[in-house]
Structures are given as structure tokens and as C-alpha cells.
């Protein structure tokens, strides 16, 4: 085992490498993507919107990413926002301008699919009204309008990037969507005329960034470009396989890569799952291993568990291997990146969930019926902690024995090798375990 910075990490030229979140998000995908992007020609987003968020520290600068692919930090990579993404144009340009102010040259390095759906202010208004209607049973969305944007997509009333360049069609769709929302919510005041003027200006500003993403990505594959896909959110937030209805509105699994970029499954060469060494979640929804005690408080404080997008405190608990086994079955990980191992350094003992007892029966796969989890008993394996710093360790041989046992148990339980191990917040504090 050695530091990533010493060994280098290569990305295949024989197909797409995908980085996916394996839990409820915030696993640390951005840092791995940043490292991998040192050797990438194309970095792409395939789903979600600016509800995702992560921070990258490079070249003495801190960069916050929400809608843009983090491959922009590497001056050699070209970046693509795919067809499965929903894009709020003011946020797109705001984020881009912030990167340029910090010295990143983004010229001819960021492109957006002409098939991507657009998010508008009326989607954000609808998002807030939906949450208010749900009251105590609200989902805990980011309020960015992502769900309503995917809703209009599903009902075929959505507006795509290419509609900006067929203005009569754009205007007709825009006016109808606002009228429909006014019928739905009643008091829904909205400056349609002002927004249409704004979007005419944004259309002209956006035009140099718009591409046929299908031709773009398949040309890259044909030319043996090194392509990395940066997953947003995570498996347990997937619309179909997550903790429904406490999920996001897109497909955040490996299937979403194919549908969001327009590539066949055989084009994917390598799938890396990112796993936090414990578990966190933002917003409402089931969380079987949540620790509403000093353990959760310690993880939250030491792990600096605040959302990049919302600033909300993350809920914290022990690692859940039932969730991760389920995640592995669906996404088919070739390897894992275990992050934030150092946050566990001070614990005298560490627990890992290996099964649930539901209605008197032991289950080892995550159930669809979330109500059954409310009374579930969690079966844990308990490990002695290592109670020594892992930050600064550069070789597997120097890793505390109890930390090795923890890592090896996870590998054996899931049947997937842990290739990357994070032992600190810095870009160079990631070890490659061969």
C-alpha cells in the first residue's frame, strides 16, 4: 500500500470508469474523482442537478461543486453534463464564474447535452410548496426544484436545452407549465414576462456550451479516451432502489449512467463504490444504524458532517453492511474506496450492522417496506478500536492491526476489494491498497 500521490492512479482506455456513492450520499466521491481526473480525458455527470455537492481542495484553492463536473480542476480534462441531468442555468453560470475567478481556465472544457432538462424558478417554488403541504412528513429536499423538474420531464411537459433555440416552442411550454402550477396551487404569483426576457439572454450565453452529447461521448469511446463518470447522490437515494419515498428524483445507480449518458452497459469497464467508514444521512427517512447519542454526536463533530449544498447537520451512525451488500448487488462494484477511516480513530469499540431482525425473522437484504424497519432489531458485529492515529500512515504494513481487521471484514462480507482508503481530509491522504 502507498499514497495515491506516490503510485498514481490510472483510468482505463477500454471503457468508462464510474464512481458511485454506495450509501446515502456524502461519502467523499468528489475527492476520488479529483484524484482520478489527473489521468482523465473526459469527466461526465449523468444524473441529478445542483442538489449534489462536494468540495475539492487543490492548488491551495477550495472549489465547491454542485452542478459542474469536478474534472474542471484538472486543466487537461474536458467535462460533460449529460442528458440525464437537470440544469438550473443561473446556478450553472454562477458556479462557472466562481471557478474562473479562482483561476481555472474553463474555455472549451465544459459542455452540456442538448437533451438535458432545464430547472426553472417555478420548479423551486413548487418544491417549497410541496414540502409545506407534506408538513411533518416532508422528504427534506434541498429545495432546488429537482423533483418538480423530473416530474415535468416524466409528464412530457419538461423543457430541454434544445428548446431554447426554438423560441416559440420554448415560450409555449414555459407559459403552459406556469399556468398548470397556478391551477394546482392557486396563489402562485410569477413574473412570466420577466423570466422569458431573462431566458432569451441565457439562451445566447449558453449556446457555445451546447453539444450533441451522444455523438460527444461515443466519439470519446471510439477514440479510446479515458472517460470518468462522476455519480451524484448515492444508491440509497435512487428513485427505484432507494428508501422510497425518501429519495431523490433520478436514477443514481449504475443504470442511471447508461440512461443518463446514452451508453450501453458493455461500455462500462470499471465501477468504483465509495463507502464512508461509518454511515451518514441528510434529511428525513429510515436510517437503521443511526446513533442518537454521544456516538452520533462524536461522528458528527469529528467528521465535520455538514451538507455542502444545504449546510444541514448530517445524521450519523455505524456502518451498515446490509445496506452495502444491497448496494453491491445492484451496482456491481469492482472495487471500493473506504473514506474517513481516521474519524473512527478514537473509538474504544466499533460496531458494524450485519443483519436485521424483522417480525422475528433475520434478514440480510434491505427491505422495500420501510415501515418494517421502524421495529427492526439491528444485529451488530463489534470490533475493538485501534485508538491511534491513522492519519499520516502511508503503508498497509503500518496500519493498526485492529484497523486492518475492520477493513478485511468489510471486504470479506461484501466480496469486493477495498482499493482506496482515506485517512484524512487532504487530497494526498488516500492510500492505494494493492
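The backbone N, Cα and C atoms fix where each Cβ goes, and this holds for glycine too.
Here is what Swiss-Prot says about this protein:
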BINDING   25-31, 53-55, 314, 340-342, 422-424  GTP binding site
ACT_SITE  26  active site, proton acceptor
BINDING   26, 27, 28, 29, 51, 52, 53, 54, 142, 156, 233, 248, 312  IMP binding site
BINDING   26, 53  Mg(2+) binding site
ACT_SITE  54  active site, proton donor
BINDING   308, 309, 310, 311, 312, 313, 314  substrate binding site
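Distance between Cα atoms for residue 313 (substrate binding site) and residue 26 (active site, proton acceptor): 12 Å, as a whole number. All protein chains shown were included, and the count of other CB atoms within 10 Å of the CB of residue 142 (IMP binding site) stands at 23. Looking only at Cα atoms, residue 28 (GTP binding site) sits nearest to 233 among the binding-site residues 142, 233, 314.
The binding-site residues listed here are 25, 28, 53, 311; among them, 25 has the most other Cβ atoms within 10 Å of its own Cβ. Across the structure, residue 312 (IMP binding site) and residue 26 (active site, proton acceptor) place their CA atoms 12 angstrom apart. Taking the Cα atom of each, residue 233 (IMP binding site) and residue 55 (GTP binding site) are about 14 angstrom apart. For the recorded site, residue 31 (GTP binding site), the DSSP three-state label reads helix. Here is what falls inside 10 Å of the CA of residue 31 (GTP binding site) among the recorded positions 51, 53, 54, 142, 311, 314: 54. With residue 311 (substrate binding site) as the anchor, the candidate binding-site residues are 25, 55, 142, 423, and the one with the nearest CA is 142. The binding residues for IMP are recorded as 26, 27, 28, 29, 51, 52, 53, 54, 142, 156, 233, 248, 312; their greatest pairwise CA distance is 34 Å. Distance noted between the C-alpha atoms of residue 25 (GTP binding site) and residue 53 (IMP binding site) is 9 Å. DSSP classifies residue 314 (substrate binding site) as coil under the three-state reduction. The secondary structure of residue 233 (IMP binding site), as reduced to three states from DSSP, is coil rather than helix or strand. Secondary structure from DSSP puts residue 341 (GTP binding site) in a helix. In the three-state DSSP scheme, residue 423 (GTP binding site) falls into the coil class.
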